[in-house]
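Reading through the structure tokens given below for one structure.
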Amino acid sequence: MQPYTKNWTQVTEFVMMGFAGIHEAHLLFFILFLTMYLFTLVENLAIILVVGLDHRLRRPMYFFLTHLSCLEIWYTSVTVPKMLAGFIGVDGGKNISYADCLSQLFIFTFLGATECFLLAAMAYDRYVAICMPLHYGAFVSWGTCIRLAAACWLVGFLTPILPIYLLSQLTFYGPNVIDHFSCDASPLLALSCSDVTWKETVDFLVSLAVLLASSMVIAVSYGNIVWTLLHIRSAAERWKAFSTCAAHLTVVSLFYGTLFFMYVQTKVTSSINFNKVVSVFYSVVTPMLNPLIYSLRNKEVKGALGRVFSLNFWKGQ
């Protein structure tokens, strides 16, 4: 932290270092992340298109998957294009204004929190479908789905308001180089000339509340699902259900594990380079894996993809 001096000028622009230690491999990493980004866009757009066009998928589960796909597109698009511009040295690709930096962090936090709550809602949907199939229509009606989705987006939007407001009250007189590929809270706090103790505490509590609340719903839901599956007599059906749950839990564990590591910590002095690697997992890798695990492995979605992208489907429209 630097001492306050009245004639210092407030920083109006930041420079993002990105992955500064890999200059020789910038083109390789550009191609890698561009491929992953485009793959994520194609996957999620395909799911949105298929669910929207195939009436057989007009069910609550696919309603939530559509919301998740929309969210993943926006989630990756907040940070990845700027990161790609920095890799290839586009003019101003590493520069970002103070206002744009706060906006990027707000949107990214909003979408990340919303995804946590959406994953919890989807886990609850699967819990009711598997553990209480006879009551599924009563507990997961279309009205309930709409209210759950709206609540996820609303609470997600409210989540970053206080943290970003507190961040906007901090002073930044320089240096203005962010040791990250996006405007993340920890490297920003490391640059502030103000006392960041209160800001760190609020970030910790907000992150902990979001992650614990949503992960507890997921843990309880899947715990009950596993208990129910253990009582299925057919070994083939039990194995099929277990493999699906294991795939879901793998992605959820990766997403939540990286988020817990990144945001439920109170010191900005943690390894920035390791944080950047962890950030790649929840901002690039997980959004690419989610459609594969939640949707594209699903036989109904595969069948719908075949129908939607067949000539007969479009001739009948």
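Note: Cβ is positioned from N, Cα and C throughout, glycine not excepted.
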>> In terms of membrane topology from Swiss-Prot, D54 and E300: same side, yes or no?
In response: yes
>> Under a three-state reading of DSSP, tell me whether C101 (disulfide bond) is helix, strand or coil.
In response: helix
>> Whole-number answer please: how many Å between the C-alpha atoms of N95 (N-linked glycosylation site) and C101 (disulfide bond)?
In response: 10
>> Assess whether the transmembrane segment (57-77) lies in contact with the transmembrane segment (144-164), where contact requires at least three Cβ pairs under 8 Å among residues 6 or more apart in sequence.
In response: yes
> C101, C193: which of these disulfide-bonded residues has the highest Cβ count within 10 Å of its own Cβ?
Replying inline: C101
>> Between the transmembrane segment (28-48) and the transmembrane segment (276-296), are there three or more CB pairs that fall under 8 A, provided the residues in each pair are separated by 6 or more in sequence?
In response: yes
>> Could you tell me the mean pLDDT the prediction assigns to the topological domain 'Extracellular' (1-27)?
In response: 69
> In the topological domain 'Cytoplasmic' (125-143), how many residues does DSSP put in helix, strand and coil?
Replying inline: 16 helix, 0 strand, 3 coil
